Amino acid sequence: MQTWLFVAAGGAIGACLRFGISELMALLLGRHFPYGTLVVNVVGSFIMGIAFALISHGHVVEHPMKPLLMVGILGALTTFSSFALDTVVLAQQGAYLKAVLNMGLNLSLCLAMVLLGMQLVASRV
């Protein structure tokens, strides 16, 4: 039961972070491109890579807080469904270049951030 509460608490934190970051990015850069979704996906992927590498290398044992971070916070912070919706909406609006750019940036940057996070931990081991 405690694990479920950790996941729920983490989900609330991650969802609030996602909303706040998305609103901040819209305020700073405008709503003509889904910068908020891109930022949360890239940052969340980087943190996920670090967390995974720490656990894989035995620096963080299967801790009860792992579900809070990896499933709760990062699961709610990053969101494939928002990425997919943003991309479809851009395409429906005829902004095909932005839709393709959104797909390319999310895929390449998120994969790179997971790898970077893992390598950052591996270089310190």
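Along the chain as shown, the residues are counted starting at 1.
For all residues, glycine too, the Cβ spot is worked out from N, Cα and C.
What Swiss-Prot says about this one:
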TRANSMEM  4-24  transmembrane segment
TRANSMEM  35-55  transmembrane segment
TRANSMEM  69-89  transmembrane segment
BINDING   GLY75, THR78  Na(+) binding site
TRANSMEM  103-123  transmembrane segment
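Neighbours of THR78 (Na(+) binding site), defined as other CB atoms within 10 A of its CB across all chains, total 22. Residues 36-37, 39-40, 43, 64-65, 67-69, 71-79, 82 of the same chain, all 6+ positions outside the transmembrane segment (4-24), place their C-beta atoms under 8 angstroms from a C-beta of that stretch. Long-range neighbours of the transmembrane segment (103-123) within the same chain, counting only residues 6 or more positions beyond its ends whose Cβ lies under 8 Å from a Cβ of the stretch, are 37-38, 41-43, 45-54, 56-57, 59, 78, 83, 87. Secondary structure from DSSP puts GLY75 (Na(+) binding site) in a helix.
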